Amino acid sequence: MTLSTRGAQTPAVLVLEDGRAFRGRAYGAVGETFGEAVFSTGMTGYQETLTDPSYHRQVVVMTAPHVGNTGVNDEDPESGRIWVSGYVVRDPARKPSNWRSQRSLDEELAAQGVVGISGVDTRALTRHLRERGAMRVGIFSGEAIPDEGTLLAKVRQAPEMTGADLSAEVATKEAYVVPAIGTKKFTVAAVDLGIKGMTPHRMAERGIEVHVLPATATLEEVYAVRPDGVFFSNGPGDPSTADHPVALMRGVLERSTPLFGICFGNQILGRALGFGTYKLKYGHRGINQPVQDRTTGKVEVTAHNHGFAVDAPLDKVSDTEFGRAEVSHVCLNDQVVEGLQLLDRPAFSVQYHPEAAAGPHDAAYLFDRFVSLMEGQRA
Amino acid sequence: MPKRSDIQSVLVIGSGPIVIGQAAEFDYSGTQACRVLKAEGLRVILVNSNPATIMTDPEIADATYVEPITPEFVEKIIAKERPDALLPTLGGQTALNTAISMHDNGVLEKYGVELIGANVEAINKGEDRDLFKGVVEAVKEKIGYGESARSVICHSMDDVIAGVDTLGGYPVVVRPSFTMGGAGSGFAHDEEELRRIAGQGLTLSPTTEVLLEESILGWKEYELELMRDRNDNVVVVCSIENFDPMGVHTGDSITVAPAMTLTDREYQRLRDVGIAIIREVGVDTGGCNIQFAIDPTDGRVIVIEMNPRVSRSSALASKATGFPIAKIAAKLAVGYTLDEIPNDITEKTPASFEPTLDYVVVKAPRFAFEKFPSADSTLTTTMKSVGEAMAIGRNFTEALQKALRSLEKKGSQFAFTGPVGDKAELLAEAVRPTDGRINTVMQAIRAGATQEEVFDATKIDPWFVDQLFLIKEIADELASAERLDADLIAEAKRHGFSDAQIGEIRGLREDVVREVRHALGIRPVYKTVDTCAAEFAAKTPYFYSSYDEESEVATRTKPAVIILGSGPNRIGQGIEFDYSCVHASFALSDAGYETVMVNCNPETVSTDYDTSDRLYFEPLTLEDVLEIVHAESLAGPIAGVIVQLGGQTPLGLSQALKDNGVPVVGTSPEAIHAAEDRGAFGRVLAEAGLPAPKHGTATTFAEAKAIADEIGYPVLVRPSYVLGGRGMEIVYDETRLASYISESTEISPTRPVLVDRFLDDAIEIDVDALYDGHELYLGGVMEHIEEAGIHSGDSACALPPITLGGFDIKRLRASTEGIAKGVGVLGLINIQFALSGDILYVLEANPRASRTVPFTSKATAVPLAKAAARISLGATIAELREEGLLPKTGDGGTLPLDAPISVKEAVMPWSRFRDIHGRGVDTVLGPEMRSTGEVMGIDSVFGTAYAKSQAGAYGPLPTKGRAFISVANRDKRSMIFPARELVAHGFELMATSGTAEVLKRNGINAIVVRKQSEGPGPNGEKTIVQHIHDGEVDLIVNTPYGTGGRLDGYDIRTAAVARSVPCLTTVQALAAAVQGIDALNHGDVGVRSLQEHAEHLTAARD
C-alpha cells in the first residue's frame, strides 16, 4: 500500500439536525464540532473565509471541490485565527502550490484545532441545505465514532443561530489603531462586531486613521476619539439580539456624524431606523452576487456572507425617526435588501462586503462614498 | 436599458470553413446569436461559406447567404439587403477582419451600416499589438498593476534583427499581427530560426507586422472570459488555467476551469486588470478573452493578449459554466444590459453575475500529426490541434481522465502496464511539449521520477504534478490489492479510472470489471451544470457523471431517444457529423420524443444545452454510454439509441451496445457489419450483381503481394475500419507495398489490410440516400472534380453532377437501392462509386450519415438527417413525403434542369504545418484525407459556383496575370485546352522547359522559367520558386510527377502556400478553374440566399 488518499485515513461523519448524514474522512483536527451548517460558493479565498469572524459558530461547506491548493500564507487571513467551527470539503489538496504558500491548509486546521471532514458529496449537502434551510450540524471524526442516533442527539443539543448574540465573543477586547496610509485625512471610530482585517485597511488606504473599538464601546468612548465618521462592522449572530450596538448607533445618528455600516452594521442600521430583520432560508455566502446600486442603476459583483437580512420596503422611501430612508442596494438574485441610506443625514450601510477579501473589488467605491460624507460634513 | 429600437436588420458574418484555430465553436456562437436576434424580431442576414453549419440552416436566419466571406461578396450582400447593422464579433478572426476591411474601404459608411458589438477603434486596440501595449500601460497607470512583456514592433527583417538586442537576447517570441490561432508565431532561439519565423510572420500578417517579445516560457498561463454591457457592467464569466505552461498555444494546451492554483488576491488582481482592459479597449457590448502569464516564482503578472470578440475559449467557457456567452453578447449588442437578461439555467436570477463552479472542467486537444508525418510535432505558439474534447468531473483527476478517454485516440489514456521506461530518457522527452506529453510524464512517474524532477523538466505546476502522482498511486493500489473490493473500485472511479483501465491493470476484461462493479453497486451519479454551485434550483438538464452520492436526473414520461454524437473534431470526422446529430435532435423533438444528446466536444452546437431536452457531456466510450442508458432507463422509457449520425465513433459502439441489451434504432449492427466487412459486403454486391474493383484482404506482405500481382499495380491499400482514409495509399510497385505493410502498425488478423485495384482516370461519384426498408430516396449525387484516388473528403465535387446523364443516374439509383436493401439500411447510406470505362464500380458503402449530408441537404433544400432520424424510429419515406419533411415527389436524383449548381471545395491546413527544418509540408492530395473543412459555392452555372467555392476556400481566382504551368507527363494532353483558355483570358503563361515545349508544339507561347533544382541562371535568372516568392505568379498549376519530380513540385507547392497563390494540383481542377475564371470575366457574379434558391427549387419541383 502506498501513502495515497486511502490507507491511514481517519473516518469521519457529518450529521445534520434533520437526520441526514454524510460519511467522509477526517480533515484538519480529529474530534467533534458543532455549528450552523452553511455553504459558501466562492471558488477562491478559503483563507479569508476561514478567518472571517462572521463565520463564528458556523460549519462552512465549500461548494468548490478543491480546497487548499494554494496552501496557507500569513498575509491573507482576515483576523488572527480561524473562526469557522467546522469545515467541509470534497477534495483537499495533498500538496499546496503557490509562491506565497508557507504551509498546508490541513496542517493549519489541525494546528488551530478546527475539525473538518473531506470526501463528502458537498453538492448533495448544499442542495439539501438549499431546500431545507441552514440548520445545526455536527462533524465527528476518529477511529471509534458512536452510532448516528447518538450523534444526532448531540447535534440537536447544540445551540441555534437564531437568537445568538455573538459579536462580543469575536470582537477585540482592547481598542487599537490602524494608522492611515500616507497623509492622515480623517479619523474613524470603527465598532468591532467581528471586523475583518481588510476593512480598516481599505479605510487606511484612503487616509483614514481607524480606531477599532470593542463591541461593548459606549457612545462616550466612540466620541472620545473625535471621529469624523463612525463605522459599524460585520459580525456573527442574530441582529435581533444586538441591542447594545443598535442603541450606540442611534446615538451616532442623533449627532449626525457620518456613518457607514457593513453587513451586521447594515442590519443594525436597519434596526436603528425601526426596520425588522429576519433569517434567510440559507443565506448569501459567495463572491459572485449581483447587487444593483439603485442610485446609479449599475450592477456590481460582490462578496456576501450573511444569514440575516433587513426587512425594508423596496418600492418607497420610508419615514424614520432620523428622516427619510431608502433601500440603496438590492440583490438581483432574490431582491434582498443589500443597502440602506438616509436622505436627510449622512449615514449609509451595505449588507455585503465592499472590502472584499475574498471577492471582487467592484464595490470599493463605497469607501470613497464614506470619505465624501466626511468631507461634506467638514465643509 | 431595453432593446434599441433603431435596428431592424442585422448582418451576421460567420467564420467560413473549419480550419485549425477556427472551428465549430463559431457555428455554436453564430447559431446562438442568430436565434437570439431573430427572436428579438430583427431580420437576420447571414453570410457563411460553410455548408456544414447549423447557422446556415435556412430556418436560423431570414436570409442565409452561402457565399464567400470576402469584402467583395459581403458588399454585394449589403447592397442587396441593406442591413442597419453588422455584427462582426461572432465569426472569429474571419468576420472581424472582413468587417474591418469593409470599414476601411468605406462600404459600411456608403450603405449606412453600423458596426455593433465592437467598434473599429476597439477592434484595433485589441488586435494591434502596439495599440494593445498602450492599453496595458494605461491600465497600469489607472489601477497600479498589469504590464506587457517587453517587446518591439517590427515591420521588416532589419527591425527584427535589431529588436533582439533591445529585449536582452534570445530566446524571443515572434507574433504576427492580425492572424488567427496564432498563425505564424513561434519561439526563436537563434538568428536562423528568427529569420525563418519572422519572415513567415511578416508575410502572414495583413499589415506586414510582427511583434518581438521577451520569453516568458514556462510561466503559468491563465485566461479570463469577460462580458460588458452598455451600462459599463462587467462580469468575469470564467477563469481558465493551462496545465501546459507558457510556450504552448492555449488551443493546444490541456486547460482547466476554474483556475486551480490562484489565491483570491491573485485572482482578483487578474480580474481587476481584465475589467480595466475591457474598459480601456472600449468593447462596449459583448465579450472578450484576455490571456495572462504569471511568473511562478514571484507572481509577476503579464498581460499577453486579448480578443475583442467571441472566441474558441469563450465557447469552452460557455460549455464549462453554462453561461451562454454568444447568446448574451448578441443581446447586449442590440441594447440590453446584463441585469435585464435572465440566466437561462436558473430562470430566476439575472445574467449580471459570475458563474461559480462546483466541478472541474478539463479540455484536451486532439491532434492529427499522423496525417502529416513530415510535420514537426513540437507544440509552439502556433495552434496545431484540429479538435478538442472537454470533460467535467467533481475533481481534477476525474475530469482529466475522462477528457483523455474522450479523445478516443490510441494511447491518449494513461497506461500503467507494460515495461517501465528509462526515467532520464522520459524526463528528457517530456521537456519538449508534444501531443501526449502528459502520457510521457506519467511514464516518467512510473519510472521513478520525483515531483521536483517532473516540474523541472516541464514547468507544469506542482499541484497538477501531484495530481498525476495521485492517479499513479491509485493505479499502484489497484495493481497491488489482493482483491478488487468496493472501496478500492469506488476510489479508482472517483479519480476517473475507466473500467478498461482497471481491467488492464488487473489483467481482467473490461466487461468483467464492469460486472464486478455493478455487482458491488458502484455506478456514477449525474450532476447538473447550473452556473451557481447549487445555490439556486436549475431548470436546464445539463449533466455530467461523477462517482458521488446523489444523482439529479429527473424522471420523465415521454419516450427518450438518445443520440450519440461524434466526439472531438478530427480530420475525417468533423462538424458535418455534429450537424446531423443536431438535426436528429430537432426532428425527433418535433415528433414528440424527449431528446438526449451525448457528446464531449465543447465546440459544437450539439453540446449547447439548448439543443436537446437533455445533454450529457460525457465521453463516447462503451462504459460511459452504457451508464447513461442505465440512468435514463431509470428516468423513463427509452425509444432507442441513434448511432448512425455521429460518424465512426458511435457506429463503432453499435454491436457492443446491442450485445448489452441497448435498443439501437436505425440500421442494425449486423447491417453495419455487412457494409463494413469486406467479405460480407462482397456478398451483398454479388447478390445485387454490382461490380467492385478487384480486391483482396491480407494480413501479411506475402498475401498482399499475391493479391497485387493478380490484380495489377497500381493498387489502393488501406487498413479496414477507418475513417478519413487513414493510412490509405496508392501503391505503384512491390517495394512500396513491402514498406507499407511493414510500417503499418494497425494490421492484425482481425484487422487485415485491404488491397484494391486502383482505377486510374475514373470519375468518382458520391451518393447520399435514405432507405426505409421499402423505398429509396436518392438524396443527392455528387460528381467529384478530381479523379478517383483522391480522398472524397479532399476532393471538390458538384451537385447535381455536371457530366453525368439520365442513364448514369438511373444506374446509380438502381445500385444504391440494391446495396441499401442488401445491407439492410434503415436511415442514411453513403456510397462511393467510380465510373471507369463505362463500368460503374462500387468503391465502398457507409451505412451512416456521411460527411456530405449537410452539403447535400443544403444543395437540394431537403433535411436528410432529420428524415434519417425519423426513419430510424419507424417513419417511412412515404409518410415523410406526406408530412412535408421530404418533397412530395421526386428526389435528389431528379432535380429540375434549372436547379442551382452547388460546388463543395475542401480546405486544407497546409499553412499550419512545418517540418523540423521549418519547411512547409507538401500539398499534394492523395487517398488519405487531410482537409479540415469545406466551403460551398452555389450559383446557376458550374463555372460561377466553382469560382465562388475557390473564393470561399482560398481567396478569389485570379482573372488575369501570370499562370505557371508544370504538369506530370500523363497530364500533358489534358492540359492543352485549359491552357489555351487561360491565354484567351489574357493570362501570360510560364512553364518549365518540358511543359513549355508541349505548349509550344500546340501553338501556345509560354515563358520558360528555371526549375528550382536547376538553381538561378548565369545571369541571375530566377527559378520558379523565386518568382513565386517575389509575388510574380498569380496562378500555379502543378500536378505531382510521382517520385521523380517530387522535390521540385514540393518547393513550388510550399512556396504557393507561403505566398497564398492559388495552386491547382490536378488537371481536373485546372479545367474547373478555367470555367470559373471564364464566369468571373463574363459579367457580374451575383449573390442569392438559400431561401431564394429553395423557393426557386420548390417552385420548379411542383
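Cβ atoms here come from the backbone N, Cα and C positions, even for glycine.
Binding of ATP 2 is attributed by TrEMBL to B:Arg718, B:Arg757, B:Leu759, B:Glu764, B:Gly789, B:Ile790, B:His791, B:Ser792, B:Gln832, and the same site annotation extends, among B:Glu710, B:Glu775, B:Glu844, to B:Glu844. Fewest Cβ neighbours within 10 Å among the binding-site residues B:Glu214, B:Glu221: that distinction goes to B:Glu214. Note: B:Val248 (ATP 1 binding site) has non-local neighbours B:Asn242, B:Leu379, B:Thr380, B:Thr381, B:Pro433, i.e. same-chain residues 6+ apart with C-beta under 8 A of its own C-beta. As a summary of secondary structure, the region 'Allosteric domain' (B:955-1102) carries 75 helix, 21 strand, 52 coil according to DSSP. According to DSSP, B:Arg129 (ATP 1 binding site) sits within a helical segment. In the predicted model, the region 'Allosteric domain' (B:955-1102) shows an average pLDDT of 87. Here the binding-site residues are B:Arg129, B:Gln291, B:Gln832, B:Glu844, and the one ringed by the most other CB atoms within 10 angstroms is B:Arg129.
Secondary structure from DSSP puts B:Glu305 (Mg(2+) 1 binding site) in a beta strand. Here the CA atom of B:Glu221 (ATP 1 binding site) lies 12 Å from the CA atom of B:Glu305 (Mg(2+) 1 binding site).
Every protein chain considered, the tally of other Cβ atoms within 10 Å of the Cβ of B:Glu305 (Mg(2+) 1 binding site) stands at 19. For B:Gln832 (Mn(2+) 3 binding site) paired with B:Glu214 (ATP 1 binding site), the C-alpha to C-alpha distance reads 53 Å.
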